[in-house]
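One structure below.
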């Protein structure tokens, strides 16, 4: 790596390695070298220098993702280093910048997006600051600055991916809606919400600048029904939205909603009309919503072909599958999740027609708990064989034997771009007659030694085919989710409170009956 760094970057590293000297020398450093000083200080985790560099930033723009990405002076990509020490220093430096004399302020735009949360931090301290923590830090800093007596001046436009829960809701609202002049004006290209009430969600999204929002994730413990979704889309409006994720049961009817005698669903049709107004929408995730027979109504009006579609556990029927196989979206799909449906046994012709239509674009396919058994493997191989762009195949929770998996792996070696396979624990490793789909307890009770032997055999299949580039794994309880990991304590408390409320309501109902 040393031979790939430029002399300019080596010099920057040498300077930031001496924090006191670096801070004292900043005023004499050429403006075009500040980006190198920033990356060098971030790489070496010299938080004092990072703060000082931001405080005196001489350029009109600061774009974190671009600065940490590969460059001619330093090819290493640091965008997966969400180092707590460096990010805290960065935001403190941003505050220092707006607090200094107006004549010294140059910064107009601070783009804090473009970094990735990963499971293992490569920074020296090994301590990450996740998306929720970054949101909290920025919101608190904005609130503190709002209380400062500042000279008038143009505010710095801050772009940030926000993650809002009950725990940081108040601070975020204050940051987005300052009572007076605000030196930092937060804009939000991406927004994730969890553990909020529907009214809180509606309120904070109205403040977050929905007209510029590109990605909206409403997940887990935001209890929405179809009435809330319709209200959200109709009243707030997201003209530039490209990606939308809705939580479990988001398309369930409201408690007082009465369906029409002819079986039509005006509420769903209204939601579909609102979605059709989003001319840039290409990603839609509505997993764990009951959408039996409703996919044509929901997806039919969309004006733009979808590239990402998650319909896991949506209780799809033949009407839905037939629509998917023949709709305009099929030929554009890059990411598709149809987990929780017995596709091969119930809808073989439409499912494989869908795969054929998507074969030129499909990169990631997830078929977890789809009832795929040994007798289906031949058909599955035929269906996947045209998918030459497939990079990831995930099919956990299917009752397949070691023999069937070996056959499937042999065929998958023919897919030139495949890089990742998530395969189920072979049914040979479970007691005979084990039921599928499995709960978490049953799933975890298997013969580990036998699994290790079979997994080694499967890796040998790849090795013989010269496909060491394919990574294989069996993540029984799902892949790493940095957002859930970061907020697990708050989510647990939220669930306990919800359970307590449900028990109190049940007890109250029993007393009324008595």
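Positions of Cβ are set from backbone N, Cα and C atoms, glycine also.
Per Swiss-Prot, repeat 'LRR 1' is recorded for 104-141, and the stated evidence type is similarity to another entry. Sequence-distant contacts of the repeat 'LRR 1' (104-141) (same chain, six or more residues past either end, CB-CB distance under 8 Å): 44-45, 56-66, 68-69, 79-88, 90-92, 94-95, 97-98, 153-154, 156-165, 167-168, 171-172, 174-175, 184, 186, 189-190, 192, 480, 482-483, 485-487.
According to Swiss-Prot, the feature repeat 'LRR 2' maps to 185-209. Only residues 6 or more beyond the boundaries of the repeat 'LRR 2' (185-209), in the same chain, are considered here, and those with a CB under 8 A from a CB of the stretch are 113, 131, 138-139, 142, 155-167, 169, 172-173, 175-177, 215-224, 228, 231-232, 235-236, 483, 487, 490-491, 494.
Residues or ranges marked as repeat 'LRR 4' in Swiss-Prot (evidence: similarity to another entry): 238-277. Outside the repeat 'LRR 4' (238-277), and at least 6 residues removed from its termini, the chain residues within Cβ reach (under 8 Å) are 210-230, 283-291, 294, 297-303, 308, 310.
Within its own chain, the repeat 'LRR 5' (278-302) is flanked in space by residues 214-215, 238-252, 265, 268-269, 271-272, 308-317, 319-320, 323-324, 327, 329, 335, 337, 339, which lie at least six positions past its ends and keep a Cβ under 8 Å from the stretch. Swiss-Prot lists 278-302 with the feature repeat 'LRR 5', giving similarity to another entry as the kind of evidence.
For the repeat 'LRR 6' (303-334), the list of distant contacts is 243, 245, 276, 278-296, 340-341, 343, 346-347, 350-351, 353-354, 357-358, 360-364, 366, 368: same-chain residues at least six beyond its ends, Cβ to Cβ under 8 Å. What Swiss-Prot lists as repeat 'LRR 6' is 303-334, and the listing cites similarity to another entry.
For 335-350, the entry in Swiss-Prot reads repeat 'LRR 7', with the evidence type similarity to another entry. Residues 283, 285, 287, 307-316, 318, 321-322, 324-325, 358, 362-372, 376, 379-380, 397 of the same chain lie 6+ residues outside the repeat 'LRR 7' (335-350) yet bring a C-beta within less than 8 angstroms of a C-beta in it.
Counting residues per DSSP class in helix, strand and coil order gives 11 helix, 3 strand, 14 coil for the repeat 'LRR 8' (359-386). Taken from Swiss-Prot, the feature repeat 'LRR 8' covers 359-386, and the record attributes it to similarity to another entry.
Taken from Swiss-Prot, the feature repeat 'LRR 9' covers 387-411, and the record attributes it to similarity to another entry. Within the same chain, residues 339, 355, 358-374, 377, 380-381, 417-424, 426-428, 434, 436-438, 443, 454, 457-458, 461-462, 465, 474-476 sit at least 6 positions outside the repeat 'LRR 9' (387-411) and bring their C-beta atoms closer than 8 Å to a C-beta of that stretch.
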**Asked** What mean pLDDT score does the repeat 'LRR 7' (335-350) have in the model?
**Response** 98
**Message:** As a quick check of your reading of DSSP, tell me how many residues in the repeat 'LRR 6' (303-334) are helical, how many are strand and how many are coil.
**Reply:** 12 helix, 3 strand, 17 coil
